[in-house]
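> The structure's right below; bear with me while I get my questions together.
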């Protein structure tokens, strides 16, 4: 099944990789990939230009195989306790091992990697042996010339063979590690769809995403370097063995130095890891806070809280940079040991070698063979501690992954899904909690819901209405009783979950298109007028979390999705709370009610709209998690007097709340990540932003140049030493000079170490200073962006700047810059040394240099495109995972887990295709550059043979040892140049926010009086506003004036401009004409914070931040606990907060998820009561609470804000019917403005709205209106 799926996907759009059909030579040299390199040089590469993965590397094959092994591991560990119990009294349960499952899945690939690495390591030691033969040949000119040519050819053949084998090792190693990451990612995704509520509390959304993005990546990184664990000791032992052949027991002195230095490196690595761990915690805190700020940016702007939250982030950032600075300085120590190890080992070895026997002379053969072996030692000695440290860190990641993969899943026993009986849903003595040990949320439920019934669940905020739906879905932990459900389910959550795809796909939700049925649903769900507003109709792409559609539109799309599914049971969690009165009426009549599309289906509707109750077949009244009453409308009215009073409270209420205004902003396209997709970013552009200051630049260059000059001087000194020793006549002379030679050799090594430390310190200090400045500028620029930017751009794009791009600037950029600078100077130094020895070398180097830069041009052009595509393909993996975690209840309700798993594999496959092409492009480059290096080595050896007696063997040894190193240097130089160019884009991405349009200044030179506004008079004069220059006016010729302490109701149909009016008052939307004057001051003449800080608003969307309840009420710590308790009492939350164990210090989860929507809205009211000002705006502030609480809130507002001017955007018409005056908007213009009773007598638009709401019969007299 999986193979056929993969083939269909493969044949659908993309071409297969020609790797399998390529010849052996083409495979080992990666010549089959040349067509992509050439194509990328000619034009920008697109996704369809890339080669598809080999079938065995595809997630469609890898994931099912690994999941099978993981299931075996789980079953094996489930059976183990039973087996152990039969032999032992005590059993120790062992968790299923992720490592064991990975080994069983990928062992053949890992063994293949080991074999390639072993052959490459053996060949690496062959070159110094051949070089030794070459030096001996040059010392004995009587040998046949053909022998020398044979050595030159052998040196070239061995080095080129090592190149080919090493590149195969790199290819298999990287692709195997990528497959491991793919397998683990797929398992994490599948597990996330099965998590219970206990596990969801244990693992937040951010933590689960971190498992995929960080821990799985850590596993991939360590797997790619895993062979070093055995390869490094093998290379060290081989080097020591060969050194023993040259220098005898003296090599033990070098081993002693190694044994002394390696633990230092290990300790440094452990300390760095600890610092990194603390740094990661700080980064997690920083990103969590940043995400919440960006999601709640409107609240921050309305309340002028940006500086406070900016300071919080900067404080965390400073702590992170302190850890980064300490870690970098420790890394400098590690780098010093890496640079000095060959020198210290050689110094100790040579010193002991001389002291063991006065007759020991340092010849060219011994000196340069030893130095080549010491150079080989350097890399494994550096890599081994790093990999050991990484393995330790990976063990932590493995534990985290295993904890998650072994966490509790939803129990299938929570509900009986395959019930066959008379009723659709049945509860028998059922109690539920959100976890097994928790307090019951629902208690003793007993109800039977017949098939085809329309059932209403009503009750106050927090009574357990939504929990009943969760219990039916199987989302809650059943403690006692029986729950039965018959047939399939469709679910509409209270907060609509919308996917980042076109609107049509949101409705179809994986189902086949049935055109007529689809159009009937669009009409019934009142979506046709919205499709006319959207730029591409139902083909309009909906942004993350539905950012470009209103709350009402989201809810209707969610309802349309449920209807289209054709399920047997419909669970509707208050879908009418976010829609307009007449829209709500249409939805009930044409979709939910007895004559709607769902008339023959079982429908369970949670609602606060009690006027719908007479239309219900069954009503369930919830109170404190229990069923207080149940029956038909008439039965309940006749059964209990209390219920009659309960319902009578709302007998004068209208039918429902209004829709959040759909402004012209909805027609805007979601902006793509243009910064990412632009490909003409260059190294120069990025570097222009990343300026250390010229003194720093010259200091960096001077220190690195000094280091390389000293290194060359050290080797020249060694060459001169060997040359001089060769011509000494007796041992007495040698004995006299060797101490001086050794001392100077040691001094040069010490100076080199000082230059290394100085260069690394200067570069680190300069880069951290630049990082701190860039981050502060980025944060400031983002917070100054207008709100429209956040509504039309993915939040993930902005977070990417603070995470991925700043990580590159903090860590990678200066690391790559340092490496590139080192290799640049190494290559120049190597060429100069060889040319000094063999002037004819310039004849061979010129064509090689031309060929080198040609290869570089082709590679960098193509590599940049592939990296761009790879970067673009990473975001959908994270976005799809985040989106799934937000909508996991909806996905499970619809039973679409397998479809989403398949979608996850598709986006992962896209990313893997780019990764595969990137890996092959790097191998293509490495083979060619190392081949050029091999040619340079061959040419050097050839010149040495041709020179014969005319050149000293010490010079030959020096030249060949340098030529042996240039192969790797050339490869790394191009790779690091490409990395720098690629990473410089991150600097420009960060700096690009500097040039974006900003809001007006927060503070201006003109400041309003401290008591302003003291009257609350608001005056609009010929005011006009639009959301963007290329769009029409959202408000036109608005002119009106309020009196002090006047209550103004603002009403209008969808898109009338109500929210635009309030946004204009806060300058969220700037004027296009006219002006707004508050208490005699034109609001455009003062700073935004002076304006917003003196106004008050209770917004529709109740935004809370993770942290304590106290912090959410008073983030600036301006008020006492007594004042907080006072406002909680006024908001009818005091009793609830007092019941919490930590009271005001109760932890609010991310987004306030551990509170009901109504409770969140009441907390927002409490904020407004604390921040009491002369002008208050109510923007549909009670849309999410029940009518009884709404009445209490309205009374609180009337009492506490009696001396304030209140502008109320109508959500329920009863809330503005007692206003002093009502402002009626339509199409951005004022249609009516006057006292409500006067407007009703006029029988205009306001009268028609009252009539549609069914309020005219209840508001017939003037006294009632007043």
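Quick reminder: no glycine exception, Cβ is built from N, Cα and C everywhere.
Just so you know, TrEMBL annotations are computer predictions that nobody has curated.
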> Out of 889-909, 910-930, 931-951, 952-972, which range is noted as transmembrane segment by TrEMBL?
931-951
> With the ranges 176-198, 199-221, 222-244, 291-313 to choose from, which does TrEMBL describe as transmembrane segment?
222-244
> Of the listed stretches 222-244, 250-270, 827-855, 931-951, which one has the most C-beta pairs under 8 A with the transmembrane segment (327-353)?
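The stretch I would name here is 250-270.
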> Where, among 425-649, 698-972, 1018-1252, do we find the most CB pairs under 8 A to the domain 'ABC transmembrane type-1' (111-393)?
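Between the candidates 425-649, 698-972, 1018-1252, the best contact partner of the domain 'ABC transmembrane type-1' (111-393) is 698-972.
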> Within the domain 'ABC transporter' (425-649) only, compute the mean pLDDT.
85
